[in-house]
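Each remark here refers to the structure printed beneath this line.
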Amino acid sequence: SGALLSFTCVSGVLGVSPVEIEQHLEMGRKLLAAGQLAEALSHYHSAVEGDSKNYLTYYKRAAVFLAMGKSKSALPDLTRAIQLKPDFLAVSLLSGLLLEKLLRSPDQEEAQNQLHKAEELEELQEEAHKAHHRGDYTTTIQVLDRVIELSPWDPESREMRAECYIRLGEPRKAILDLTPAARLRTDNRAAFLKLSRLLYDLGEHHNSLSEIRECLKLDQDDKECFAHYKQVKKLSKQMDSAEDLISEQRYQEAIDKYESVMRTEPNIPFYTTKAKERICFCLVKIKEAELALDTCSEAHQRDPQNIHILRDRAEAYIQLQDYEKAVEDYQEAREFDQDNQEIREGLERAQKLLKLSRKRDYYKILGVSRSANKQEIIKAYRKLAQQWHPDNFQSETEKKEAEKKFIDIASAKEVLTDPEMRQKFDSGEDPLDPENQQGEGGRGEWPFGFNPFQGGNFHFKFHYN
């Protein structure tokens with residue numbers, strides 16, 4: 001009697017065996033396929049009565065009701081099937097958007113089509129789980145592509161595909177699946193956390209912060225979400241602050257802030273590389289060329305195709321008067337972005353400076369850096385003018401050489417102490433070059449064409465001011 005009672009609990013009706021229930025289901029399927037709906041329904045009635053705990057019996061009977069255009073009769077069976085198996089995708093499909101469509105237009109042929117789709121979904125989902133279990137993530141994705149095509153709002157399939165993308169090293173594709181999936185469940189904190197972490201690792205700290213806040217909206221005491229939230233918020237605030245400082249031209253403070261970023265997040269490569277890139281930019285701006293060169297080179301090793309790093313290192317080379325290297329960096333940047341106007345203009349300027357340096361470099365003539373101020377330039381000029389004044393030399397050969405040197409020194413002072421002329425020179429144009437001045441004094445000549453050392457035995461007393 002104990003065994004009989006146990007069997008009754010399983011089957012629901014005394015005398016109906018599991019084998020008979022399976023036979024009813026199989027006969028119902030064949031009759032439904034043949035279009036004999038009433039006969040199919042009779043067999044599914046028997047299956048439901050025989051096993052009231054089997055979600056498939058309710059699902060199959062609901063499918064027949066839908067095929068017969070009896071949508072209202074199908075709803076209770078679909079509801080019961082969902083209660084027995086909440087994660088049954090085919091039931092969710094029929095009881096959701098597609099069922100709503102059928103209620104508006106109960107058509108037998110359409111109902112059959114939707115039934116076939118639901119059955120296909122069930123088979124595909126099973127195939128996807130098997131492929132995922134054996135670690136075949138590429139096949140899993142291919143199967144889930146079809147599942148999601150049939151049921152785009154199924155969170156389970158999207159989460160599984162996202163996991164496969166992560167394992168295959170394609171986090172951005174995973175994000176595309178997790179973004180809707182996280183919102184398709186009433187409480188999906190795990191998906192919001194995973195989504196936030198993926199975005200954070202890719203350097204999208206603002207989006208990461210938004211997603212982790214969604215997790216905390218569901219449960220503000222969630223320990224994992226809160227710990228991640230604190231980290232993202234701190235780093236995001238530091239990076240925003242650093243960029244604000246740069247926009248205000250407070251470059252040294254920005255450098256300090258980006259060094260804090262590297263201390264806050266030393267493990268994610270994106271943030272270290274980004275910090276190095278921006279520190280390189282700031283060092284160029286404050287004309288710390290040697291430091292800039294080291295930092296830019298380190299950043300370049302981390303991100304070889306970053307045109308901003310190449311641009312800034314080229315500018316550091318220009319400050320160090322290594323124009324050949326500057327041209328090389330700008331050319332490399334141009335290869336990565338042919339249409340970038342800033343890179344194109346930078347390359348043209350570096351090429352002009354290189355050409356100019358092979359003629360006459362006023363900074364080198366005075367022995368000053370490109371960042372030298374007016375006082376430093378005048379000081380260098382006075383020292384060199386005293387040293388190379390022609391009256392200091394006796395022989396004609398020495399006087400000729402000194403005269404040439406003196407003219408170059410005076411020309412350098414003339415150009416570098418005049419803001420407009422210096423700007424032209426810094427842009428790669430010699431304002432005293434005859435090609436640019438159309439007949440005015442050029443290389444090896446006194447500025448403005450006047451040479452006090454020609455035309456007689458004149459002696460001058462110079463005031464080096």
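Positions of Cβ are set from backbone N, Cα and C atoms, glycine also.
Taken as a whole, the repeat 'TPR' (55-88) shows an average pLDDT of 76 in this prediction. The repeat 'TPR' annotation in TrEMBL covers 55-88 (among others).
Counting same-chain residues at least six beyond the ends of the repeat 'TPR' (307-340), those with a Cβ under 8 angstroms from any Cβ of the stretch are 277, 280-281, 283-284, 287, 289-290, 292-293, 296-297, 299-300, 346-347, 350-351, 353-354, 357, 361, 363-364, 369-371. Sequence annotations record features per position, and here TrEMBL assigns repeat 'TPR' to 307-340 (among others).
Look at TrEMBL and you will find 313-353 tagged as coiled coil.
Taken from TrEMBL, the feature domain 'J' applies to 361-429.
Outside the compositional bias 'Basic and acidic residues' (418-427) by six or more residues, the chain places 349, 352, 356, 362, 370 with a CB less than 8 A from a CB of the stretch. TrEMBL lists 418-427 with the feature compositional bias 'Basic and acidic residues'.
Residues or ranges marked as region 'Disordered' in TrEMBL: 418-446.
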In the repeat 'TPR' (55-88), how many residues does DSSP call helix, how many strand, and how many coil?
27 helix, 0 strand, 7 coil
Please list the DSSP helix, strand and coil residue counts for the domain 'J' (361-429).
51 helix, 0 strand, 18 coil
With helix taken as DSSP H, G or I, strand as E or B and everything else coil, how many residues of the repeat 'TPR' (307-340) land in each class?
27 helix, 0 strand, 7 coil
